[in-house]
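Engineer: The structure is given below, and queries will be raised subsequently.
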C-alpha cells in the first residue's frame with residue numbers, strides 16, 4: 001500500500017514539474033552572442049529557454065522536430081522554412097515603425113567618391129549579409145540576373161553562385177563554400193552566423209567600411225547615422241543618391257523578418273503572448289553582446305501577429321517568391337505547351353473540367369488541363385503559386401483576387417445581342433426574393449432567416465449585407481438575421497445553421513462549405529434554401545427564379561411557378577420577379593475570369609479559341625462551356641452567352657466600378673467580413689495592390 005502511495009505521489013510530482021515545460025517557449029539561437037542574450041531573457045522571463053544551433057537551417061530542422069519552437073528569420077530563410085519538407089510558417093512579423101512598418105528596403109551602398117554605379121558592378125568586390133538572404137543576396141542577385149548583368153542560363157547549366165563568382169572580382173557571402181571566391185573577402189570562417197565578422201547587415205557594412213569590398217547589399221539603417229555622409233546608395237538607373245533617399249533609390253521593398261514556428265495555432269498564440277508580455281528586457285537591442293540584430297533586428301519597434309492562415313508564400317508575396325524562384329529556376333515554365341490550367345471547385349466542376357479537357361484534344365495535346373481545390377480561395381492561392389492559371393469568379397472574389405495581385409481578363413456576357421456588338425459592360429441585378437404572400441418586405445427582414453449564395457459573394461452577401469451595414473452600422477449580422485445559410489461561414493455560426501450539406505445522413509463534411517456539394521451553395525442553392533423553407537429570404541441573381549421555375553429547373557423545382565415568388569424592393573414594396581430592373585438591391589458587374597498579370601495573353605487567346613469551338617453557338621456540339629448537366633453553373637454561369645475580353649490594363653477596382661467599391665469599403669469596416677486570404681494578402685504595405 002505504501003509503495004502504491006509513493007508511486008502515486010511521485011507521479012503527481014512528475015506531472016507538477018513537467019507541466020510548466022508545456023508553457024515554455026524554446027528559442028533557437030545561432031551564435032554565442034545570441035545565446036548570451038537569450039539566457040539573459042530567460043533569466044528575466046522563466047517561460048523562455050534557449051536552444052543553440054550552428055545556423056538558420058539547423059534551427060529550422062530543430063523546430064520541425066520539436067527540439068525548438070521559434071526563431072526570427074529573414075525572407076530567404078522563411079522561404080526555406082515553408083518548403084514541404086519542413087512545413088513551418090511565419091506567425092509574427094517585426095514592425096519597423098511608420099516609415100516602413102512590416103517591410104524594409106533592400107539597397108546597394110558604396111563609399112562616396114567611388115566612380116561606379118549599379119549598372120557597372122562587374123569586376124567589383126561585393127559584401128553580402130549572407131547567402132540566400134533577402135537584402136544581401138536574393139534581391140541584388142535576382143535583380144542583376146533579371147537585368148542580364150549576371151549571365152546565367154539556369155541551375156541545369158551551373159549553380160547561380162558560380163555565375164556570381166564570375167561577375168564579381170571577389171566577395172564575402174557568408175554561407176558560401178569555404179575557399180571559394182564568394183568567401184574570399186570574409187574575415188572569419190565564412191559561416192552564416194555571427195562567428196563570421198562580416199555576417200548580417202552590420203557585418204556586410206563593416207566589410208565595405210574596412211575596404212574589403214566596393215559595394216554592400218544591406219538595408220539603409222545598417223549605415224550608422226554618424227557615417228551616412230561618407231556613403232551613397234546605388235540606384236537601379238545607374239545614378240547615386242544619399243543614404244536617406246532610400247525611398248526613391250532602392251532595389252526592392254521586401255517583407256520584414258518574421259518569427260517562424262510549426263503550424264500549430266495554440267503554439268503560435270503562446271509564443272506571441274509570451275513575447276508581448278516581456279517586461280524589463282529590450283528584445284530589440286543587442287547592446288553589450290558584441291554583435292547586432294540578435295534574436296530580432298535592432299531596428300524593430302514592435303511585433304505584429306500574422307493572420308492564422310498566413311504561410312510563407314502569402315507572407316513573402318508573389319513578386320518576392322518569383323525572385324527566389326528565378327534564382328532556383330523552380331518557377332513553372334509551361335511556355336512550350338501553352339495549355340492553361342483551369343481551377344475547378346469540387347467534384348462536379350472537376351468532372352466538367354475533365355470533359356472539357358478531353359474534348360479540347362487536338363494534335364496530341366489539349367489547350368486546357370484541370371486542377372481542383374475545395375474552395376475558390378484555395379483556387380486563388382493556386383493561381384498565385386502558378387499551380388493553376390485561371391478560374392471564373394463572382395465580383396466579391398474578383399475583389400479578393402485583386403487584393404492578392406491577380407487581374408480580371410474576361411467577363412461573362414449574359415446578353416447574346418451584346419456578344420457581337422459589345423457596348424455597356426456586362427452586368428446583372430442583385431435581388432432579394434421571398435415567397436409571394438409571406439408579408440415580408442425589405443423593412444421587416446430583421447429576425448428572419450436568410451439564404452445566401454456564399455460568404456463574400458456579390459449578390460448573396462456583399463450587396464445585401466453592405467446595405468444592411470449602412471443602415472445599422474453594426475457588424476454583427478447575427479443580431480439582424482436569426483439564422484440562415486451562408487456557405488463558407490464558420491462552422492457553428494448561425495449562418496451555418498440552415499445549411500443542408502450533401503444530403504448524407506451522418507458525417508457530412510460538406511455542410512456549410514462553399515462548394516457545389518453543399519446543396520444550398522450558389523445561386524440555385526440559395527433559392528432552394530428558400531423553396532425548402534430553410535430561410536425566409538434569398539439573396540440571388542435576377543435570372544435565377546425564371547431559370548429554376550415554370551418547368552425550367554431541376555427535379556426539386558419541377559412543380560414551382562415563378563409567380564409564387566416576389567422581389568423585395570428597398571423602398572419596402574414588393575414586385576413580381578419580372579420587374580428586376582425597377583426592384584433590385586444593386587446592378588453589379590458580371591462574373592469574370594481571373595489570372596496572373598503575366599499569363600493574361602495566353603488565357604485570353606486560348607479561351608477565345610475554345611469559345612469559338614465550345615461556346616453557345618460553337619462549331620463543336622460535343623461539349624458546351626456554358627451548360628451544366630449534373631448541377632447548375634459549373635465553371636461558368638449557365639446564363640453566359642459568351643466571354644468578352646476585358647481591356648488590357650483594367651484594374652480590378654475599375655472593373656468592379658465605383659458603387660461596388662464603395663459597398664465593399666463599407667463592408668470591410670467589419671473585420672469579420674474580410675477573409676483570412678485577403679487579410680494575408682494585404683498585411684504588408686509593400687504587398688498591397690492599389
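Every residue gets a Cβ built from N, Cα and C, even glycine.
Below, the features straight out of Swiss-Prot:
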BINDING   74, 104, 201, 257  Fe(3+) 1 binding site
BINDING   394, 428, 523, 591  Fe(3+) 2 binding site
BINDING   453, 457, 459, 460  hydrogencarbonate 2 binding site
DISULFID  127-207  disulfide bond
DISULFID  172-186  disulfide bond
DISULFID  235-249  disulfide bond
DISULFID  343-379  disulfide bond
DISULFID  353-370  disulfide bond
DISULFID  404-681  disulfide bond
DISULFID  419-642  disulfide bond
DISULFID  451-529  disulfide bond
DISULFID  475-670  disulfide bond
DISULFID  485-499  disulfide bond
DISULFID  496-512  disulfide bond
DISULFID  569-583  disulfide bond
DOMAIN    25-329  domain 'Transferrin-like 1'
DOMAIN    340-669  domain 'Transferrin-like 2'
CARBOHYD  169  N-linked glycosylation site
SIGNAL    1-18  signal peptide
Engineer: Look up residue 460 (hydrogencarbonate 2 binding site) in the DSSP assignment and report helix, strand or coil.
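Structural biologist: Residue 460 (hydrogencarbonate 2 binding site) sits in a helix per DSSP.
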Engineer: Just counting, how many other CB atoms are there within 10 A of the CB of residue 670 (disulfide bond)?
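Structural biologist: A 10 Å sphere around the Cβ of residue 670 (disulfide bond) contains 15 other Cβ atoms.
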Engineer: Counting only residues 6+ away in sequence within the same chain, which have a CB under 8 Å from the CB of residue 169 (N-linked glycosylation site)?
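Structural biologist: In sequence order, 123, 124, 125 meet the Cβ cut-off.
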Engineer: What is the nearest of the recorded positions 451, 459, 523, 642 to residue 370 (disulfide bond), using the Cα of each?
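Structural biologist: Of all the candidates listed, 642 is nearest in space.
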Engineer: Can you tell me the mean pLDDT for the domain 'Transferrin-like 1' (25-329)?
Structural biologist: 94
Engineer: Could you say whether, by DSSP, residue 169 (N-linked glycosylation site) belongs to a helix, a strand or a coil region?
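Structural biologist: It is coil.
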Engineer: I'd like the Cβ neighbour count for residue 453 (hydrogencarbonate 2 binding site), meaning other Cβ atoms within 10 Å of its Cβ, all protein chains included.
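Structural biologist: Taking every protein chain into account, the count is 33.
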Engineer: Return one of helix, strand or coil for residue 74 (Fe(3+) 1 binding site), based on DSSP.
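Structural biologist: Going by the DSSP assignment, residue 74 (Fe(3+) 1 binding site) belongs to neither helix nor strand, so it counts as coil.
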Engineer: Filter the recorded positions 207, 475, 485, 523 down to those whose C-alpha lies within 10 angstroms of the C-alpha of residue 453 (hydrogencarbonate 2 binding site); answer none if the list is empty.
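Structural biologist: Of 207, 475, 485, 523, within range: 485, 523.
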Engineer: Out of 104, 353, 394, 569, 583, give those recorded positions positioned within 10 angstroms of residue 457 (hydrogencarbonate 2 binding site), comparing C-alpha atoms, in sequence order.
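Structural biologist: Among 104, 353, 394, 569, 583, the ones whose Cα sits within 10 Å of that of residue 457 (hydrogencarbonate 2 binding site) are 394.
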Engineer: Which whole-number value in Å describes the distance between the Cα atoms of residue 249 (disulfide bond) and residue 394 (Fe(3+) 2 binding site)?
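Structural biologist: About 39 Å separates the two Cα atoms.
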Engineer: Using the CB centroid of 74, 104, 201, 257 as the Fe(3+) 1 site centre, which other residues of the same chain sit with their CB within 8 A?
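Structural biologist: Along the chain, the qualifying residues are 75, 94, 129, 133, 134, 135, 219, 256, 293, 297.
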Engineer: Residue 127 (disulfide bond): which of the disulfide-bonded residues 353, 529, 670 is the nearest Cα neighbour?
Structural biologist: 670
Engineer: Taking residue 451 (disulfide bond) as the reference, which of 186, 201, 428, 512 (the recorded positions) have a CA within 10 A of its CA?
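Structural biologist: Qualifying among 186, 201, 428, 512: none.
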